[in-house]
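Only one structure is covered here, and it is reproduced in the block below.
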Amino acid sequence: MVYETGNETVDDAVQRALDGERLDRTDGLALLAQPVDELAAGADLLRRHFSDGTVDACSIVNAKAGNCAEDCGFCAQSAHFDTGIDTYGFLDPEDILDAAKRAEADGAQRFGIVVAEKGVSKEKRPDEWDDVIRAIRLVRDETDVEVDASLGVLTEEEAEILAAEGLNHYNHNIETSRRYFSEIVNTHSFDDRLKTLHRAKAAGMDLCAGVILGMGETPADRVDAAIELQEVGVSSLPVNILNPVEGTPIGDREAATISRTELIKTIAVYRFLHPEARVRLTGGREVNLDPDEQHLPFEAGADGLLTGDYLTTDGQTPADDIEIIERAGLEPNREANTFDPESVKARHRSPAAETASNANRTNATTETDD
């Protein structure tokens with residue numbers, strides 16, 4: 001035995017993962033039942049073995065907001081629900097580049113262009129598609145961040161074009177388990193999401209696909225979602241925690257239906273089931289974890305985060321995120337974007353500091369007022 005927590009189930013799973021065995025649903029459920037401290041310790045060992053000792057930060061821009069025809073029950077941007085958010089069409093590619101440059105200055109290693117719609121269609125909206133391609137090229141050519149995108153469903157042709165343009169990761173979350181998906185979404189199927197992931201991967205892009213925890217799913221659903229992602233093969237697994245938005249079908253609850261301990265255990269199990277992926281803590285962490293708790297997932301297998309603001313809700317500053325990473329005894333990834341963490345922390349102590357997403361909101365408001 002390479003490492004012993006004193007917990008036979010955890011120690012056995014650690015050894016098998018180190019030996020290259022892919023753990024299955026039975027393993028995931030058994031691990032989820034173990035005490036959190038021992039489970040987190042085992043997951044942390046796997047992170048140290050398979051990862052590089054850094055936490056990888058990504059940032060996003062809400063490049064097209066609201067009026068989405070899909071009915072995802074958690075989403076403030078669905079046209080089916082009255083949530084009061086600002087809506088706007090696809091941003092000018094130069095504005096997206098500006099947001100990417102701010103993300104670069106804030107230490108992001110990758111920058112995601114995100115749209116609120118079922119899919120950016122080359123055939124049905126060619127002008128918008130051309131703007132997407134132009135934005136990808138600008139970020140690719142004029143920054144050091146890796147350019148990612150979340151553009152909804154893709155055809156095979158669209159996936160091949162995006163891959164040829166150098167898109168690094170394609171994000172398309174599965175949100176939850178196959179069993180629970182229809183409780184949250186009715187306008188498309190779980191398999192629709194999987195088809196897009198398979199097309200993106202077949203075209204040569206890496207996959208970023210994950211879940212939202214605390215929507216009423218069971219612990220078994222959380223494991224089942226991770227098993228589905230094993231079959232797809234993801235290199236980045238974002239873990240969102242529900243931040244209920246008033247006006248959505250699940251917006252009337254006060255908080256996500258997951259405790260801090262359950263969250264930590266789920267992240268640890270995801271490390272066991274996806275030992276070589278970036279397990280990335282993303283939306284909802286600030287409202288579901290106290291400031292002095294946010295380092296805990298990074299002591300339980302997590303090694304990535306989304307920094308700055310989210311699509312329609314505020315995040316915390318990149319300086320705060322760097323301090324959380326350091327509190328966990330880790331350091332920010334600087335492989336693609338060799339930034340100075342101390343400079344980021346110093347700059348964001350100023351009240352005038354502006355993250356990429358904050359700046360985008362200014363752009364969006366300006367467009368709405370025209």
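We number each residue from 1, going along the chain as drawn.
Any Cβ shown, glycine's included, is placed from N, Cα and C.
The [4Fe-4S] cluster binding site feature in Swiss-Prot is assigned to Cys68, Cys72, Cys75; the stated evidence is sequence analysis. Annotation note: Cys75 ([4Fe-4S] cluster binding site) sits in a coil segment as assigned by DSSP. Cys75 ([4Fe-4S] cluster binding site) has a Cβ environment of 25 other Cβ atoms inside 10 Å.
Other Cβ atoms within 10 Å of the Cβ of Cys208 ([2Fe-2S] cluster binding site), summed over all protein chains shown, number 29. In this structure, Cys208 ([2Fe-2S] cluster binding site) is part of a beta strand by DSSP. Taken from Swiss-Prot, the feature [2Fe-2S] cluster binding site applies to Cys208, Arg280, supported by sequence analysis.
Annotated compositional bias 'Low complexity' per Swiss-Prot: 352-370, in sequence order.
Sequence annotations record features per position, and here Swiss-Prot assigns domain 'Radical SAM core' to 50-276 based on sequence analysis.
Taken from Swiss-Prot, the feature region 'Disordered' covers 328-370.
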| query | Roughly how many Å separate the Cα of Arg280 ([2Fe-2S] cluster binding site) from that of Cys75 ([4Fe-4S] cluster binding site), to the nearest whole number? | reply | 20
| task | Could you measure between Cys208 ([2Fe-2S] cluster binding site) and Cys68 ([4Fe-4S] cluster binding site) for me? Cα positions, answer in whole angstrom. | result | 21
| query | Taking the Cβ of Cys72 ([4Fe-4S] cluster binding site) as the centre, how many other Cβ atoms fall within a 10 Å radius? | reply | 23
